[in-house]
Amino acid sequence: GAVPLFWTAMGLAGLAGVLTGPAIGRYGLRGVHTGLFAGMSAAVGLLAVAPGSLPAVLGSAVLYGPCFMAGSGLLAVWSHRVFPEQPSTGFSATVFFLGLGTMAGPAGAGLLADAVGLRGALWATALLGAGSLAMRPRTRPVPRVRARLRRGPLSRAGQR
């Protein structure tokens, strides 16, 4: 069926995510961010346009796989640049909120699909992703305004 084919194609195409580093080097964080969100939005949009079409399902998988996989690499590089003095803390916070979104997004899309149908939920998801292109990520380091956060109880324990 189409579902196993989608997941297989998405996983295989996701291997292209290893090119995230060179892509960031060439196009920058904002350029790669734009490409990833545009690709994911187009992938979901393909399913909304032609949900029963095998070529659309395959095209969606091939677009979505690398974009999704590259997202993790993008977040790692971004958090290191924005939080240079605490890159692991920045990345942990980023992954935490990504996890929340990974749980809330499908749940919300499911509720929306119950209300307006699957095609409507797919369109809403594609448009939300496309709308996020207007929210360009910060790429400059965060100023050192919260030194106390960097010197929390765990960091003091190692200094004793």
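Using N, Cα and C of the backbone, Cβ positions are placed for all residues, glycine too.
Automatic prediction, not curation, is the source of TrEMBL annotations.
Copied over from TrEMBL, here are the features:
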- 6-24: transmembrane segment (TRANSMEM)
- 31-50: transmembrane segment (TRANSMEM)
- 56-78: transmembrane segment (TRANSMEM)
- 90-112: transmembrane segment (TRANSMEM)
- 118-135: transmembrane segment (TRANSMEM)
Sequence-remote partners of the transmembrane segment (118-135) [C-beta within less than 8 Å, at least six residues beyond its ends]: 34, 37-38, 40-42, 44-45, 47-48, 51, 105, 109-110, 112
Closest-packing stretch to the transmembrane segment (56-78), where packing means Cβ pairs under 8 Å, from 6-24, 31-50, 90-112: 6-24
